[in-house]
Each structure stands twice: as structure tokens, then as C-alpha cells.
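Undergrad: Summarising the annotation, TrEMBL assigns transmembrane segment to 48-65, 112-133, 145-164, 170-192, 220-245, 251-269, 276-294, 310-330, 405-423, 443-462. Summarising the annotation, TrEMBL assigns compositional bias 'Acidic residues' to 344-357. Annotation comment: TrEMBL describes 344-395 as region 'Disordered'. Taken from TrEMBL, the feature compositional bias 'Basic and acidic residues' covers 371-381.
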Amino acid sequence: MGQIVACLGAGLGWCCCTATTSLITSCCGNDKASSIPPSVHSGRKRSVLLLVLSIGFSFLYQYWLGPALKESMISSVNPVYSYLAEAWSGGCLQYSSEGEDIYAACTGNSGVYRVAGFTLLFYILAAMAVFCKPTANREAWPAKYILWLIGIIGMVFIPNHPLFDPILLWIFRIGAVLFMIFNQLIILDLAYNLNENWVEKADKAELDDGEGAGKKWLGALLLSCAVMIIGSLVAIIFMFVYFTGCDSNNSFITITLIAGIGLTLIQLFASEEGSLFTSSCIFAYSTYLCYSAVSKNPSEQCNPVLGEESIGGILLGLLVTFISVMWTSYSHTAHRTVNEESDAIAEEAAETNDEEENKNSKKKPITGNVIEREDRKKKASENYGTMGDEEEENPKKTFASSWKLNIILAFITCWFAMALTSWGSVARGGTMANPQAGKVGMWMIMSSHFLQNLFYLWTLVAPKLFPDRDFS
């Protein structure tokens, strides 16, 4: 019996060690043989993983470390506790008279600013490194993770004022608005492409399997439209019931309803562009932005959730952001429209590709024929997935998208810093200690809401206003 248990334990230990090693090498290092460089996608995945880790550490700093540094610890005998409490109290002592919860909310926000601040710096430096050396985003990730971890620990000892509040706070606000504008373009692009993809699948099913075979795709499309439109209308009714009473909220909710219905009618009857699915996506996202704005209103008269933690709203926002990041990173359409190459890096990537072709040409007889696109794809993909990951159609689109992805992740860092801190507002238990911050967040969100509707309206009317131009 003992031998059986020992054998089972040894087998289980071997499996756990193998799985742990595979996980660590996949996340931090190269998942291929040491002689083979990591693929371009490996750098992207590790960049996104770093963003996920930063969100996790932000929650840790906001809900554990920040509230643990109480005002009474400033006079502590322990010099470390005293210094940390004083460093984190900058800008928060003014709220100490409002209650312990308000003070804890302020120090918790300071924790988010620390993690997001160093993560923002990391992505900016990473983008600069990739711009100078195209392969930098694929290399030395264990050292990068260690450097990032040391950085966010070191940020604990930096005083709040003035670096984190107000300097970084306003940088986060501006960066969050820029990301929301970019996010709207990606959602618009995603909606158009999903609609085209499902319609193409329906047409293909009709041709391959006979009449009526494509109804399931069209049915799924119509069902998705119905869910988003009905859900948006229900949310608007909910906001009319609970968030009215202020002129600003009344106007925001009414504008969202009119814009959603108006854009849908324009798309159905006055424009050949767009689709019902796209209009439904825009309506749903506009409704989400409207709720985010009215829930930031500092007036208790028209905001029943003032000072409450909106975990559901944060998770929904993170989900939308995750979808946008994945679409931007891996969609060919988004790659083509967003990740256009600069000439310098395109030339360097092209030279790298030429060197690979020259090496391969020594191993095969020269036929004098031009390598066609499909042959080029096949040959590149056989190279262990290293160079072929990004060079499928155009050698110019090899590395430069990595530095632009780092810039996008920097904007996302600004956005999640604002999402976790309600755009810098300090509120607990139905009380907002700094109502001006709530107004700033409310108007910034609604500004992006208006821009999104204008973007979609432009895609509907531009082909009619300028028929001689190609807007495809």
C-alpha cells in the first residue's frame, strides 16, 4: 500500500512540476526551444497579462493597503508605518473630518494611482523601446515582470502630493477619454465586421446546404439585435425611474433615447450603409455610457447609488475593454486600420524578411518563379511560428504594431485607474466629499458618448454626402 501511495505521489508531483514549469515559461519566458526566438504574439500576450496583473494589484492596494494606512498611524512609533501613513495622507487629510470611511476611500484611490502610474510609465517606455528596436517587445519578459513588480512596490514610498494628485490624476482622466474615443471606433469596426461575417456565413450556408440553411445565422443576428435594443430600452426606463430629478441627468437620458432611435431609423430608411446589428451595438454602448455618466452625478437628488461601490459596472467596463483589446490585437481588419506601419520600421521589417528568404533560398533550388502570397504564408508558418505570426500578408506589418499596442495599453491603464476610482471622486455611504470630481467624470463620459454617436452618424451619411469617395 505504501508503495502504491508513493508511486501516486511521485506521478502527481511530476505532473504538477511539469504543469508549473510550462505555465511559468509560457507567461514569463520563451515557450519554444532556446535556439528559437519567441513569436511576436508572445510579446503581445505578455503585455496584456501585465495589464491584468496591474488591475489585480490595484484592487489589492485600493481595498487592503490603502485603508490599512490610517491617519492615526502618522504618529506611530514605528518609523516605517509613520512614513507610509504620512506619504499616503497627502490630499486625504482634508477629508478626515468627513469620517474614517471617506479617508479610507481617498487612500484607496491613492493606491490605484500608484499601480497605474508605474504601469503607465512601463508601457510608454516599452513603446519607445519597440519603436527603436522592433523585437524588444518579445525579449526579456522575466526581467520586465521583476522590474515592474519592484516599481509598483517602490511607488508605495512616494508621497501623494503632487505627483499622484493632481498631476497623475489629470493625466489619467485625459488618457481615459482618449481610450474611450478609441474604444468607440473599435466597437464600431467590430460591429460592422461581425454583421458582415454572419451575413456571409448565412449566404454560404444557402449555397452549400440549400435554401433555408442560412436562417440560423440570420436568426442569431436578429436575436442579438433584439436583445441589445430591448436591454437598452429597459435600462433607459430604469434610469428614467431612478436617476431623474436633475436637469443634467434628464437631458443625458433623453438624448441617449432620441439618439439611439434616431440613428436606427436613419440606418434603416435613409442610408444604405450600416446595419441593424451595428445600430443595436451603438445603442447598447451609448446606454452603458449614459448610465456611467448619471451614476457619477454628485447630487443625491438624482443619484441613488452615490457613494456605493459599482462592482458590476466596473466588471462590465473591463469586459468591453477586454473585447476591444483582443479585437485590436488579433483582428486583421483592426490591424490594418489601426496598426499602419511607419516607413522606417517597415523598411527594417522588410529587410528582416528578405534575410529569411535568402536563407531559405539556399536550401531549395532556384526556379525563377515569383513566390505567390499563399506560398509565402505557408513557408512563413513553417518557421516554428516565429516570423510567420505577423508576416502572413505583408512583410511591412511585422513589429510596429507592438509599440502601438503598448500605447493602447497605456490608455487602458488610464481608463481602469479612473474606473476603479470613479474618476477621482472620494465617496462612501451616499456622500461625495469632492463633488467637483464627480462632475468632471460625468461630463467627460458624456463627451465621449456624443462623439460616438457623431462617429456612427458620419459612417451613415458620409457615402451620400461624398459619393465620389470610397468609405469601405
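Cβ coordinates are placed from backbone N, Cα and C, and glycine is handled just like the others.
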Undergrad: Which bits of the chain, at least 6 residues beyond where the transmembrane segment (48-65) starts or stops, bring a Cβ under 8 A of a Cβ in it?
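TA: Same-chain residues near the transmembrane segment (48-65) but 6 or more away: 27, 108-109, 111-112, 114-116, 119, 122, 144-145, 148, 152, 156, 318, 325, 329, 409, 412-413, 416-417, 420-421.
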Undergrad: At a Cβ cut-off of 8 Å, and with pairs 6 or more apart in sequence only, do we get at least 3 pairs between the transmembrane segment (251-269) and the transmembrane segment (145-164), yes or no?
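TA: They do not touch: fewer than three Cβ pairs between the two stretches lie under 8 Å.
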Undergrad: Taking contact to mean 3 or more CB pairs closer than 8 A (sequence separation of 6 or more), are the transmembrane segment (220-245) and the transmembrane segment (276-294) in contact?
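TA: Contact criterion met.
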Undergrad: Where else in the chain does the transmembrane segment (405-423) make close Cβ contacts, counting only residues six or more beyond its ends and a cut-off under 8 Å?
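TA: Same-chain contacts beyond the flanks: 44, 47-48, 50-51, 54-55, 58-59, 62, 109, 112-113, 116, 119-120, 123-124, 126-127, 130, 137, 171-176, 178-180, 182, 296, 310, 314, 317-318, 321, 325, 328-329, 339, 437-438, 440-441, 444-445.
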Undergrad: State the non-local partners of the transmembrane segment (145-164) in its own chain: residues 6+ outside its ends, Cβ under 8 Å from one of its Cβ atoms.
TA: 28, 50, 53-54, 57, 65, 83-84, 86-92, 110, 113-115, 117-119, 121-122
Undergrad: Sort out the residues at least 6 away from either end of the transmembrane segment (170-192), same chain, that have Cβ-Cβ distances under 8 Å to it, and list them.
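TA: Answer is 113, 116, 120, 274-275, 277-278, 281-282, 285, 289, 320-321, 323-324, 327-328, 331, 333-334, 337-338, 408, 410-415, 417-419, 423-424, 440-441, 444-445, 447-448, 451-452, 455-456, 459.
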